[in-house]
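K.L.:
What follows is a single structure, and I will ask about it in a moment.
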There are 6 protein chains.
Amino acid sequence: MRFDEAYSGNVFIKSKQNYEEAQAVIYGMPMDWTVSYRPGSRFGPQRIREVSIGLEEYSPYLDRELDDVNYFDAGDIPLPFGNASKSLDLIAGFIRQLMQDGKIPVGMGGEHLVSWPVMKTVADNYKDLAIIHMDAHTDLRVEYEGEPLSHSTPIRKIAEYIGPKNVYSFGIRSGMKEEFDWAKENGMHISKFEVLEPLKEVLPTLEGRPVYVTIDIDVLDPAHAPGTGTVDCGGITSRELLASIHAIASSGVNVVGFDLVEVAPIYDSSEQTANTASKLLREMILGWVK
Amino acid sequence: MRFDEAYSGNVFIKSKQNYEEAQAVIYGMPMDWTVSYRPGSRFGPQRIREVSIGLEEYSPYLDRELDDVNYFDAGDIPLPFGNASKSLDLIAGFIRQLMQDGKIPVGMGGEHLVSWPVMKTVADNYKDLAIIHMDAHTDLRVEYEGEPLSHSTPIRKIAEYIGPKNVYSFGIRSGMKEEFDWAKENGMHISKFEVLEPLKEVLPTLEGRPVYVTIDIDVLDPAHAPGTGTVDCGGITSRELLASIHAIASSGVNVVGFDLVEVAPIYDSSEQTANTASKLLREMILGWVK
Amino acid sequence: MRFDEAYSGNVFIKSKQNYEEAQAVIYGMPMDWTVSYRPGSRFGPQRIREVSIGLEEYSPYLDRELDDVNYFDAGDIPLPFGNASKSLDLIAGFIRQLMQDGKIPVGMGGEHLVSWPVMKTVADNYKDLAIIHMDAHTDLRVEYEGEPLSHSTPIRKIAEYIGPKNVYSFGIRSGMKEEFDWAKENGMHISKFEVLEPLKEVLPTLEGRPVYVTIDIDVLDPAHAPGTGTVDCGGITSRELLASIHAIASSGVNVVGFDLVEVAPIYDSSEQTANTASKLLREMILGWVK
Amino acid sequence: MRFDEAYSGNVFIKSKQNYEEAQAVIYGMPMDWTVSYRPGSRFGPQRIREVSIGLEEYSPYLDRELDDVNYFDAGDIPLPFGNASKSLDLIAGFIRQLMQDGKIPVGMGGEHLVSWPVMKTVADNYKDLAIIHMDAHTDLRVEYEGEPLSHSTPIRKIAEYIGPKNVYSFGIRSGMKEEFDWAKENGMHISKFEVLEPLKEVLPTLEGRPVYVTIDIDVLDPAHAPGTGTVDCGGITSRELLASIHAIASSGVNVVGFDLVEVAPIYDSSEQTANTASKLLREMILGWVK
Amino acid sequence: MRFDEAYSGNVFIKSKQNYEEAQAVIYGMPMDWTVSYRPGSRFGPQRIREVSIGLEEYSPYLDRELDDVNYFDAGDIPLPFGNASKSLDLIAGFIRQLMQDGKIPVGMGGEHLVSWPVMKTVADNYKDLAIIHMDAHTDLRVEYEGEPLSHSTPIRKIAEYIGPKNVYSFGIRSGMKEEFDWAKENGMHISKFEVLEPLKEVLPTLEGRPVYVTIDIDVLDPAHAPGTGTVDCGGITSRELLASIHAIASSGVNVVGFDLVEVAPIYDSSEQTANTASKLLREMILGWVK
Amino acid sequence: MRFDEAYSGNVFIKSKQNYEEAQAVIYGMPMDWTVSYRPGSRFGPQRIREVSIGLEEYSPYLDRELDDVNYFDAGDIPLPFGNASKSLDLIAGFIRQLMQDGKIPVGMGGEHLVSWPVMKTVADNYKDLAIIHMDAHTDLRVEYEGEPLSHSTPIRKIAEYIGPKNVYSFGIRSGMKEEFDWAKENGMHISKFEVLEPLKEVLPTLEGRPVYVTIDIDVLDPAHAPGTGTVDCGGITSRELLASIHAIASSGVNVVGFDLVEVAPIYDSSEQTANTASKLLREMILGWVK
Ligand SMILES: [Mn+2]
Ligand SMILES: [Mn+2]
Ligand SMILES: [Mn+2]
Ligand SMILES: [Mn+2]
Ligand SMILES: [Mn+2]
Ligand SMILES: [Mn+2]
Ligand SMILES: [Mn+2]
Ligand SMILES: [Mn+2]
Ligand SMILES: [Mn+2]
Ligand SMILES: [Mn+2]
Ligand SMILES: [Mn+2]
Ligand SMILES: [Mn+2]
């Protein structure tokens with residue numbers, strides 16, 4: 001006596017009704033309490049689901065339909081407002097469960113810090129894990145004004161956890177000099193400004209490896225994603241980001257988890273960014289969940 | 001393996017999980033295709049749910065908590081875009097089911113025309129039904145530019161169905177001369193401009209009768225509800241509308257169904273109207289579902 | 001071969017097609033170049049026309065229909081950007097023509113300074129003219145930072161032209177001490193904060209006299225008119241303003257011209273203010289053009 | 001005694017005052033009642049006219065001025081709200097008149113379904129007509145959830161009417177698998193993702209033929225046209241669309257009619273999309289009306 | 001070689017240039033990291049300053065000018081993002097300095113939790129301190145979902161610190177049943193829904209006592225203050241709030257500090273709320289700093 | 001006793017505290033009274049400062065930090081509303097002072113006309129001055145509807161003052177035929193549509209010369225800068241503009257002053273344009289102040 005949820009906007013469009021049989025599990029991480037500039041990404045996951053009903057179910061890029069993939073949308077993880085530490089623990093706990101159940105985690109942020117407990121937990125399960133990171137920002141800070149739990153730190157944390165050589169950042173156009181220096185000194189890959197071309201060079205070297213992909217929506221130029229906390233001009237187009245997703249899809253890497261973060265509806269007056277995020281997720285699901 | 005929905009924004013806050021045991025059933029009617037001016041109310045129900053998580057669960061007006069009422073949110077009725085006739089049939093079918101199961105229907109619009117099949121079906125079940133209607137507009141047209149299915153007609157339809165003497169309109173400040181004349185000639189009650197004071201006079205005369213209450217959010221002044229298709233200044237305050245809801249709650253009428261319609265999020269830049277609708281629904285549920 | 005304009009939004013709804021036979025002439029004055037704070041009222045007249053198609057043609061307040069009045073919408077007077085002096089001359093020239101042709105001028109602003117040449121020209125034609133002025137602001141400055149052509153000066157100019165004793169301001173809640181002092185010393189009427197009650201006391205004293213009414217939309221509280229340059233809280237409701245219009249309609253004064261100014265669409269995200277202005281104009285036309 | 005309309009925003013800038021002598025006739029089709037997602041395009045034509053006054057009259061791309069073309073803006077065709085069938089009949093009737101009078105129809109939408117009666121009527125007059133269609137979407141559905149009159153069907157309808165081989169779609173990035181398959185199986189041209197390069201290849205094959213061009217504004221990336229109902233990332237730039245218009249202008253095809261549809265002002269907070277539509281129309285008029 | 005700041009929008013209008021001679025000190029507390037619903041109040045203080053340049057310097061309510069008061073705007077206290085505990089310490093430290101220097105603190109929020117360290121520090125200096133609290137919300141929670149530092153707790157904290165009998169809340173229309181019960185059981189004053197009338201009854205009982213006044217902008221109805229995190233309909237008008245400020249001004253209480261919190265510009269599309277806050281502050285300064 | 005302003009948003013981020021030692025001086029010119037279309041740029045400079053606190057202080061493009069440059073933000077020049085002539089005089093006076101003190105002027109507009117007195121005064125100090133101008137518009141009008149002080153005239157004025165051969169315009173896509181003709185006939189450089197490639201060709205010819213660079217933000221496509229008065233599609237990307245700034249930085253020209261004008265926050269709902277302007281200024285300061 002509940003109307004079918006597949007097109008309700010309560011779940012990502014065409015989400016299957018059953019966790020047990022799902023290959024991939026979608027979940028939201030509605031946290032934005034450590035951001036240094038404009039908050040609001042806590043409402044990102046829900047808005048992405050809501051606009052997903054406007055999507056076509058078929059991808060003319062990949063010639064595949066959403067019906068061909070078995071995914072389940074678990075909803076938003078309930079997180080305690082203002083308590084970053086406890087929030088990260090709750091996220092980690094949820095991901096551990098997914099790992100035990102053999103699911104591919106598909107996360108929606110929320111601020112980028114939420115990716116840290118996810119990447120860490122996935123790394124605990126895939127020993128040779130590599131990270132592909134697309135972002136305007138390095139996110140390599142040790143702390144932000146004394147605070148080690150900040151949305152500018154997740155890539156530093158995972159780089160130190162799995163080794164900087166296993167982390168590949170693309171599209172970076174903002175950061176402190178110290179961050180760029182640290183990356184260079186520690187053998188971490190950073191492609192400044194560009195995503196698609198350097199990615200195409202990196203992918204063959206990652207063939208066969210388990211890879212977690214984390215995409216900060218602000219890797220897009222503000223023209224393509226105004227609805228995010230920290231807009232930074234000079235970014236890539238949605239077309240380049242789509243092509244990058246497709247490049248990963250047709251490469252030999254094994255995507256074992258991924259997320260899309262930092263969508264903030266309050267700065268997105270035409271819902272353009274949420275719609276873009278929704279289409280990007282469709283392509284990631286169709287391209288990466290095999 | 002699905003996070004608790006009670007605070008998810010996917011259902012009206014604290015909706016119980018079980019249809020069978022519910023006394024009242026909430027549902028959305030996402031239709032706006034007959035409006036003559038500004039469309040967008042199709043997105044009203046979903047936004048009201050979304051913001052309902054910001055509500056306190058306790059009413060200091062009624063000294064009652066949402067936990068004290070057993071209601072189930074069934075989601076939005078899937079309606080075919082642009083086909084008013086078929087949409088109304090689907091709504092009527094759903095309400096017939098609720099009537100059979102002995103549920104109190106709690107509807108969220110959508111344009112006001114959606115109330116017509118609901119009121120008709122409820123009237124089929126409660127032979128002495130009266131309608132309390134709060135609105136800026138008479139909604140008494142026979143048709144709009146030749147079209148009998150229009151958001152300016154539902155009160156005329158139900159008045160002709162159950163007899164104009166059983167329909168009581170309040171807060172009306174807009175309509176054609178012909179509509180006001182028809183009401184007067186046929187003994188239908190219309191209180192112009194005011195709601196609370198005339199309502200207090202009418203309620204004792206309805207004591208003991210089954211009553212369906214239909215509230216068009218535009219009965220509020222645009223200051224209190226900018227997020228609707230047809231704003232019309234000179235309306236009542238949210239305070240007067242709350243007091244009117246409480247007046248019905250403490251009267252001797254038997255509310256057997258109710259709805260709140262015409263919330264259009266796209267004109268509601270601060271989400272003020274959706275938040276107001278959400279609080280009004282809380283008070284209606286706490287005051288009228290006994 | 002041009003579609004009927006009466007409902008096109010290009011003219012105020014139901015504008016007749018003929019200047020010659022019209023009793024009243026509507027015109028826009030799209031000027032905002034002297035404002036000290038937020039510009040944008042140059043787009044007010046056009047937006048008011050555009051939303052006027054959402055109006056009912058009948059007033060349940062006055063029991064009269066737009067068809068009963070013969071008015072013509074002449075469009076916006078073309079004014080030279082940034083040149084206040086020349087703009088005022090052009091406005092004055094147009095009003096002189098209306099006076100010669102025996103028309104009632106119905107102006108839409110634009111900033112309040114546009115009322116000055118209108119009032120002056122009307123005063124030249126009606127020797128015993130009185131001004132009724134509703135506004136949040138005194139508008140009694142001699143100049144603004146050295147500039148005698150400023151939107152804070154029109155009431156001072158007309159008060160000096162026809163004598164301060166013939167000017168009646170209502171709803172005033174903002175101004176310099178010097179302005180309030182000047183009014184008091186010179187016998188000009190200022191009702192602070194309130195409109196309806198003091199107006200009811202003044203109207204009998206004006207019986208039989210020709211009156212020009214100038215309404216600055218910011219006399220309304222920002223809740224009722226957010227779309228204006230200088231919002232100032234503590235104002236009146238749209239209900240009080242409607243009642244004030246009706247009080248003038250049922251008094252014995254002879255309204256020989258009127259305007260509504262300072263609507264600025266860019267600050268009016270839900271078009272609430274433009275819709276309100278449009279309804280106010282309907283009531284002014286129905287109540288005052290006899 | 002009516003101010004010159006050429007710069008009033010009531011007509012497209014510099015519209016001539018005379019239908020009889022006009023070579024091209026501009027008209028709006030304010031209909032959006034069959035859209036499946038976000039309504040609002042009914043207000044598109046009026047907003048495009050309004051912002052057209054910000055245009056320069058000269059094109060540095062084409063070295064031609066608006067004064068060099070004789071076009072007349074007839075206003076918006078009055079359409080009955082919510083009645084798609086009757087609306088399409090009214091549009092067809094108007095176009096028949098234009099055909100009889102030898103005018104080039106220049107339409108502004110409104111949802112894309114409005115192009116169907118236009119294209120059909122033009123096809124009745126130009127026996128060898130070809131269609132050039134630029135859009136994010138195939139618009140090749142037979143029906144949408146059972147409804148044959150839907151904004152996702154116009155290209156299918158015209159393709160079946162004049163034969164799929166005479167229809168050329170460009171920029172398509174969204175549709176059902178069945179739609180792409182139908183096009184392929186029936187010899188209809190679809191260029192996925194790109195417009196300019198494939199268009200340059202197609203144009204020589206159309207030399208000398210009468211061509212109707214229909215442009216859905218959502219062929220642009222949402223960065224370039226946020227103000228439309230169905231935004232879909234990965235689209236083309238306004239620069240590519242301008243160049244495509246110019247490519248048609250300098251080709252040997254004979255443009256006998258054209259339209260620009262799906263501009264929805266409510267999602268266009270900076271009026272960027274309406275301004276873009278207005279410039280595109282200027283270039284189409286200057287480039288195609290010879 | 002720096003332009004005069006008095007009208008720059010960088011400081012509250014007409015702020016004097018010298019801390020030492022100032023009687024009152026204005027400061028911002030740009031913190032919003034514990035809010036449970038919509039963040040954004042961190043940008044409130046700066047926006048209030050920015051729009052303050054639109055204020056008249058004279059109050060026709062109080063017949064006093066800003067030049068008559070010596071106040072200094074110290075800017076925003078730099079607070080560490082996401083760290084509530086440290087932020088509160090920094091605020092307390094700043095207020096201790098003000099107390100030592102004999103200044104009247106005039107705070108701008110930021111979320112309501114920022115008032116807690118201010119009230120505590122002021123209470124340490126004025127042994128018989130009473131609190132006047134205007135708010136839609138009780139703010140009497142012990143914690144929010146386990147978190148004792150939450151914007152729903154400041155009044156509970158100060159009530160326990162100085163004794164519930166010394167705290168007077170007005171306008172309250174939202175809270176948990178437990179909060180209302182705790183207040184009643186502990187002799188704390190709560191006026192539900194109304195502010196002005198109950199305040200007038202309370203003020204004589206506080207005559208001669210030092211009083212700290214904390215105003216949450218959401219005590220206003222959303223019609224009057226849409227730009228705040230938690231809008232709650234059924235509130236008071238700006239006119240009632242102005243009258244309440246004036247009632248305190250003309251009473252015999254000794255205002256030793258005050259604040260205005262929870263202004264969130266991102267939900268304030270017309271800047272109406274920031275403008276209202278700015279005028280309220282002017283009236284508080286003119287009425288309370290003697 | 002005033003909090004450090006470097007990160008306050010009251011000054012451009014990291015502005016030094018001392019005029020005397022500064023090499024460059026930032027100042028705002030909050031004037032928009034001559035614009036022919038949409039006003040609002042008077043609020044540009046303040047908003048750019050406000051969002052500048054979201055900037056990283058390091059440029060990964062130029063490998064340089066803001067700490068490496070000594071610049072002072074003097075605030076906004078107080079300009080008299082509506083009086084263009086006097087405003088320009090005040091700007092000229094300020095620039096003369098900067099010239100005497102050997103400072104590099106770094107201006108923020110305001111409408112483009114403000115650049116005229118700046119360029120003239122700089123030209124008086126650097127006898128061989130060249131102008132690099134990036135804009136969507138020629139700005140070569142002699143007057144606008146009879147008004148010689150218009151935002152469409154500054155480049156004409158400086159071209160006539162220093163000789164058209166010393167002026168180089170890039171990115172131009174809008175203007176009257178007469179303007180393009182005048183440029184061609186008088187040997188002034190105009191690159192239509194493109195900026196980076198033609199600039200790279202011009203720069204070597206300017207080696208060693210003093211150059212003033214004036215950038216109208218509308219040279220960017222509306223996708224990249226919706227927040228400006230006159231949006232005009234078909235523009236360049238922010239990436240091309242950044243690269244153009246860097247091309248000047250690495251060329252042999254001697255930048256002796258520069259400005260960025262026409263940012264209008266009211267049309268910039270996500271603050272995307274202000275953020276872009278802020279980053280562009282950082283790159284100009286880091287690249288050009290040596
Ligand atoms: Mn990131
Ligand atoms: Mn980022
Ligand atoms: Mn209704
Ligand atoms: Mn209604
Ligand atoms: Mn005024
Ligand atoms: Mn005013
Ligand atoms: Mn289409
Ligand atoms: Mn389309
Ligand atoms: Mn509070
Ligand atoms: Mn509160
Ligand atoms: Mn320019
Ligand atoms: Mn320009």
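Cβ coordinates are placed from backbone N, Cα and C, and glycine is handled just like the others.
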K.L.:
Can you tell which of B:His112, B:His224 TrEMBL lists as binding Mn(2+) with B:Asp135, B:His137, B:Asp139, B:Asp216, B:Asp218?
P.N.:
B:His112
K.L.:
Sort B:Asp135 (Mn(2+) binding site) into helix, strand or coil using the DSSP assignment.
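P.N.:
The residue in question, B:Asp135 (Mn(2+) binding site), is coil (DSSP, three-state).
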K.L.:
Near B:Asp216 (Mn(2+) binding site), how many other Cβ atoms are within 10 Å of its Cβ?
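P.N.:
Within a 10 Å radius of the Cβ of B:Asp216 (Mn(2+) binding site) lie 28 other Cβ atoms.
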K.L.:
Enumerate the residues of the same chain, B:His112, B:Asp135, B:His137, B:Asp139, B:Asp216, B:Asp218 excluded, that satisfy the criterion Cβ within 8 A of the mean position of the Cβ atoms of the recorded Mn(2+) site; list them in sequence order.
P.N.:
B:His133, B:Ala136, B:His151, B:Ile155, B:Val219, B:Thr230, B:Val261, B:Glu262
K.L.:
Once near-sequence residues are set aside, which residues in the chain of B:Asp135 (Mn(2+) binding site), 6 or more away, have Cβ atoms under 8 Å from its Cβ?
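P.N.:
Result: B:His112, B:Ile155, B:Ser169, B:Phe170, B:Gly171, B:Ile172, B:Thr214, B:Ile215, B:Asp216, B:Asp218, B:Val219.
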K.L.:
Among the binding-site residues listed here (B:His112, B:His137), identify the one with the smallest other-Cβ count within 10 Å.
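P.N.:
Across B:His112, B:His137, these binding-site residues, the one with fewest Cβ atoms within 10 Å is B:His137.
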K.L.:
Could you say whether, by DSSP, B:Asp216 (Mn(2+) binding site) belongs to a helix, a strand or a coil region?
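P.N.:
B:Asp216 (Mn(2+) binding site) sits in a strand per DSSP.
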